[in-house]
Structure formats: structure tokens, C-alpha cells
Amino acid sequence: MYGIEYTTTLTFLILLVLLNYILKSITRIMDYILYTFLLFIVIVTPFVNSQNYGINLPITGSMDTNYQNVSNPEPFLTSTLCLYYPVEAETEIADSSWKDTLSQLFLTKGWPTGSVYLKSYTDIATFSINPQLYCDYNIVLMKYNANSELDMSELADLILNEWLCNPMDIALYYYQQSSESKQWISMGDSCTDKVCPLNTQTLRIGCLTTDTTTFEEVATAEKLVITDVVDGVNYKINVTTTTCTIRNCKKLGPRENVAVIQVGGSFILDITADPTTAPQTERMMRINWKKWWQVFYTVVDYVNQIIQTMSKRSRSLDSASFYYRI
């Protein structure tokens with residue numbers, strides 16, 4: 001009887017020692033796995049370019065304030081930049097590899113090769129019909145010309161702002177502008193716009209609705225026309241529809257991914273005087289006219305400062321942007 005009890009006790013002790021050994025072995029294995037994982041994290045962390053949530057987050061002030069977590073000091077590595085310039089720049093530079101040179105110069109400012117696109121245009125009037133603002137950031141170089149000053153001003157107003165536009169059937173309907181932010185935009189190869197104001201009884205004021213030669217002419221053979229008339233008055237409109245389209249538009253606000261640089265001129269064009277421009281700020285600046293290489297050097301040198309005045313857009317813009325809300 002005592003032999004059976006001794007055997008049972010011995011078996012229990014052996015199982016207890018074996019269980020203790022197994023638990024210690026599992027603990028050592030878990031410690032090894034944990035320390036190996038921590039070592040891997042320590043080694044890999046310097047090479048990971050991820051967001052550090054909670055790092056440098058202020059603990060004072062309003063909790064409603066939005067804070068941006070960015071661990072990458074180069075915000076332009078994933079952005080595209082379009083630089084629009086008059087075709088005469090290529091003629092003056094006369095170097096087949098000048099774009100490659102400019103690309104390398106942009107690289108010194110943090111813009112990778114392939115992220116900057118150089119696009120030429122024939123003249124301001126033609127460019128205004130279809131600007132094609134496709135990049136995240138768009139900078140337009142406009143050489144000052146006293147004869148096209150009004151065209152430059154209208155183009156700047158067009159591309160620096162967003163417009164909500166609808167087609168107009170001027171053959172059937174009268175139209176009026178109910179506020180300062182609502183204007184009519186005409187685009188085409190040749191736009192001649194005429195208007196005939198009407199009173200509350202739809203009777204003409206100083207013109208004959210059946211005779212377009214008596215209409216007041218507000219634009220003659222232009223490619224871009226932004227027409228502003230007296231608010232609250234109906235108008236009969238006449239436009240050369242074969243070469244021009246007209247739309248009823250409302251200025252929504254600034255298009256913040258576009259900037260205009262005026263090249264030359266004694267003063268910079270100012271579109272903020274327009275009461276429809278709100279807020280009263282503009283992304284327009286001037287570079288003294290010298291040579292086109294000097295102009296491009298200046299743009300490259302200050303490109304990042306210029307971009308800081310703009311906001312990146314995640315979608316491309318083209319001519320349809322002026323016709324539909326974006």
C-alpha cells in the first residue's frame with residue numbers, strides 16, 4: 001500500500017517538474033520572438049517614411065483645431081507642375097535641349113524629373129479659349145503687351161477663379177444678371193457681343209429688339225469676353241454664334257492651384273479691383289523683362305515660394321472647368 005502511495009507522489013512530482021520546464025521553455029521562446037520583433041522595428045523605423053500620429057501634437061489651445069501630420073519634408077515629390085509660356089520663348093532660346101536643362105534646374109529645388117511639364121501657347125487670346133490646366137499646380141507666364149492688356153486681365157480673371165456656367169439660348173430668351181458675381185462669358189475664334197436692355201414691360205431701352213444694328217456693342221471680334229451689365233435688367237443678346245459660344249456664369253471663388261506671372265510691363269495687372277473678386281487677393285506677380293532665360297531662372301529660383309501661395313488640387317482641369325462646376 002505504501003509502495004503505491006510513494007509511486008503516485010513520485011509521479012506527481014515528476015509531472016510538476018516537467019510542467020515547470022515546459023513553461024520556462026515557452027517563456028524563453030516568447031521572449032526571443034518579442035525581442036527579435038522589437039529589434040526588427042528599431043532597425044526598420046529609420047527607413048519608413050510614414051506618418052507619425054501624435055508626434056509634436058500640441059496639448060494646449062482649442063481641441064477643434066486641425067493639425068496636419070506630415071513626416072515627409074518634401075511636399076512636392078508627388079505633385080505635378082505645369083509651366084505655360086509664349087512660343088516666342090523657344091524661338092529666342094533656340095536650344096533643342098533647353099527643356100532638359102530646365103528640368104535639371106527644377107530638380108535642385110526638389111521637383112523630380114518628370115514632374116514638371118513645359119507647355120507653349122501661341123498668344124494670350126488663343127490660350128484663353130482652351131487653357132488646359134491639367135497639373136496639380138499651374139503657373140502661366142504672360143508677356144506684357146500694352147495692346148492686349150485687357151485680354152490679359154480677362155484671361156487672369158478667368159483662370160484664377162472658378163465659374164459655374166450654363167448654356168444660354170439667346171434666340172428664345174431674355175437674360176439678366178441678378179448679382180455682381182454673375183457674368184456672361186463668351187469664347188471662340190471671333191466674338192462680337194451686343195445687348196439691348198429692356199424695361200419691366202420688356203420694351204426696349206434705346207434700341208430695337210428686331211434690329212441688332214441698334215444694339216449696344218460690348219465686344220468686337222474678341223476670343224474671350226467677360227460681359228458685366230447692369231444688374232436686375234433684362235437684356236436681348238446678340239452674339240456671332242457661328243464662331244463663338246456664350247454662357248451664363250457665376251463666379252464661385254478663387255481657383256487656388258493657378259498663378260499668373262506677368263513678364264515685363266511698368267506695373268502689374270490688378271484684378272482685385274473687381275468687386276466680384278473675393279477674397280481680395282490674387283496670385284499674380286511680375287518679373288522684369290530681360291531675356292527668356294533670365295525669366296525661367298527666376299521662376300525656378302522662386303518656384304517653391306510661389307507654390308506656397310497656392311493650394312494643390314487632386315483633379316485635373318480643362319476648358320470644361322469654365323462651363324461646369326468643379
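Cβ atoms here come from the backbone N, Cα and C positions, even for glycine.
Listed in Swiss-Prot as the disulfide partner of Cys196, from the options Cys191, Cys207, is Cys207. When you check Swiss-Prot, the disulphide partner of Cys135 from the set Cys82, Cys191 turns out to be Cys82. Per Swiss-Prot, Cys244 makes its disulfide bond with Cys191 among Cys165, Cys191. Taking each Cβ in turn and tallying the other Cβ atoms within 10 Å, the top scorer among the binding-site residues Gln177, Thr214 is Gln177. Comparing Cys191 (disulfide bond) with Asp301 (Ca(2+) 2 binding site), their Cα atoms are 39 Å apart once rounded. Sequence-distant contacts of Cys82 (disulfide bond), defined as residues of its own chain at least six apart whose C-beta falls under 8 angstroms from its C-beta, comprise Val116, Tyr117, Lys119, Leu133, Tyr134, Cys135, Tyr137, Asn138, Ile139. When the Cα atoms are compared, Gly206 (Ca(2+) 1 binding site) and Cys196 (disulfide bond) turn out to be 8 Å apart. Among the recorded positions Cys135, Asp301, the residue whose Cβ has the fewest other Cβ atoms within 10 Å is Asp301.
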